[in-house]
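Each remark here refers to the structure printed beneath this line.
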Amino acid sequence: MKRVLLASFLLISAAAQAQLTLEHTYQDASVYSFKLSTGQVKFAIYSQTDSKLYVYNADHSLLRQIPVPPVPATSSYGDILDVSDKLFNLTPDIECAIALYNGATQQNSVYVLSETGAQLLTVASGSYAQAVNTSTGSKLLVYGSFGTRVYAAPGTYTPLKTAKSTDGPTASPFPNPAAERITLPYSVQPGTLATLEVLDLAGRVVKTFQVNAAFNHLLLDARELRPGAYTYRVVTAAGSSSAGKRFIVAR
């Protein structure tokens with residue numbers, strides 16, 4: 001009996017210790033996490049209302065406010081692409097790359113900004129960008145209607161996570177970026193129907209498809225979408241959804 005009581009006590013104690021504790025709630029649903037060259041992890045939020053990028057410490061205290069080029073409040077949006085230090089320049093200041101869509105002009109632009117808001121790089125018609133490390137140094141790849149431009153960075157890119165091997169090309173959308181057709185892998189429980197939703201950077205659903213377990217991927221005609229960054233997710237009949245995967249349409 002004592003052993004049963006002891007085992008029950010240990011199980012209850014372990015369950016209590018395993019509970020998650022809410023630390024903080026950001027009002028914005030899009031919080032970008034990144035790692036500095038020092039190994040410190042930070043958070044960033046783009047505010048279209050006051051045209052600023054807010055950078056927070058791991059304890060959620062405000063670290064920096066970076067001015068961002070303003071865009072009209074209506075039908076415009078922005079997407080944080082990278083926040084770093086010692087990548088786009090060699091100073092310890094925080095810098096960022098952000099894509100902005102101007103609803104008035106219907107134009108995308110990619111900006112690389114210093115901590116003061118100075119524009120280190122501006123790419124008109126750029127819709128998305130990503131930093132990568134290569135054997136010849138760190139690069140910034142910018143995708144847009146012009147194709148893909150590769151910029152050599154003076155510093156070193158510090159990824160948030162160590163790159164992991166995948167299970168093959170179906171682990172992620174491919175080819176990515178895409179100009180004509182792109183394969184979107186998904187998983188659905190046998191005997192069930194689900195909806196695959198394609199969303200733009202503002203979170204608007206721009207395409208929907210009914211899918212089931214007969215296939216494990218959808219071949220999407222990228223020519224039906226304007227150039228830019230998108231995510232897709234699979235929503236079940238019960239309302240649960242998979243984590244969104246990002247892909248780029250570049251022409």
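In case you wondered, yes, glycine gets a Cβ from its N, Cα and C as well.
As annotated by TrEMBL, signal peptide applies to 1-18. What TrEMBL records for 174-249 is domain 'Secretion system C-terminal sorting'.
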Model confidence over the domain 'Secretion system C-terminal sorting' (174-249) (mean pLDDT, whole number): 89
Residue counts (helix, strand, coil, in that order) that DSSP gives for the domain 'Secretion system C-terminal sorting' (174-249): 3 helix, 42 strand, 31 coil
